[in-house]
Amino acid sequence: MHWRHTVHNVPGHYSYGASEVGTTCMISAQDWLDRPGSVGRAVPPFEAYIADEHGNPAPPGTEGPLWFRDTSGHGISYTSGVRSGNEFTLGEIGRMDADGYVWITDRLSDMVVSGGVNIYPAEVEQALCTLPEVADVACFGIPDEAMGERLVALIVPADSAKPPDPADIATRGRALLAGYKIPKEIHLTDSLPRTAVGKLDKKAMRSRHAVKVDAVKVTL
């Protein structure tokens, strides 16, 4: 997403999209202040919708995969995440309000499907980060024979000298999240691996966790 500053008294705006397809959503500075965090509404020739579990447009406020439809009739050159010729996804999870404004909430590749239920790690991370004992957190899925995947949380304590009890974190998390969103494993760690641009490296976490985890663990 890009921010374009005010120039010659022309209000700035946010734009969201990809180099392969250009701008798909846009929001003015004033609209952004009214709807913090939104990437705006779809711009022509695109239409946006949130897909339900069957791939159909979901009701406003529903969280799910964000899809775009190209109405130009010229086709699109984007080759990743395309279906029906003129519909594509940029790999994001989002939600849309009744006025068509879109919020990006997570990456589709990070979504965890546990027991047939979709869990969005970013939502869990945001909730656990509100606990005073938590300085940083990352959640991700690993294979589980019974559930398909199970959610794992790596937590950096706010005070390493007084680390929290993972079981207590899980218990308090139930006041913030639905029960199925509580991580099945919680590990304490000194730091979280990040990419060169500072993003959480979920791939490295999953790989490291599969081999060895030097952390406190609780299985719920």
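The backbone N, Cα and C atoms fix where each Cβ goes, and this holds for glycine too.
These numbers come from a predicted model, not from an experiment.
Taken verbatim from TrEMBL:
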type	residues	note
DOMAIN	13-70	domain 'AMP-dependent synthetase/ligase'
DOMAIN	123-199	domain 'AMP-binding enzyme C-terminal'
Residues in the domain 'AMP-binding enzyme C-terminal' (123-199) grouped by DSSP into helix, strand and remaining coil: 17 helix, 26 strand, 34 coil
Predicted model, mean pLDDT over the domain 'AMP-dependent synthetase/ligase' (13-70): 93
Per-state residue totals over the domain 'AMP-dependent synthetase/ligase' (13-70) - DSSP helix, strand, coil: 6 helix, 33 strand, 19 coil
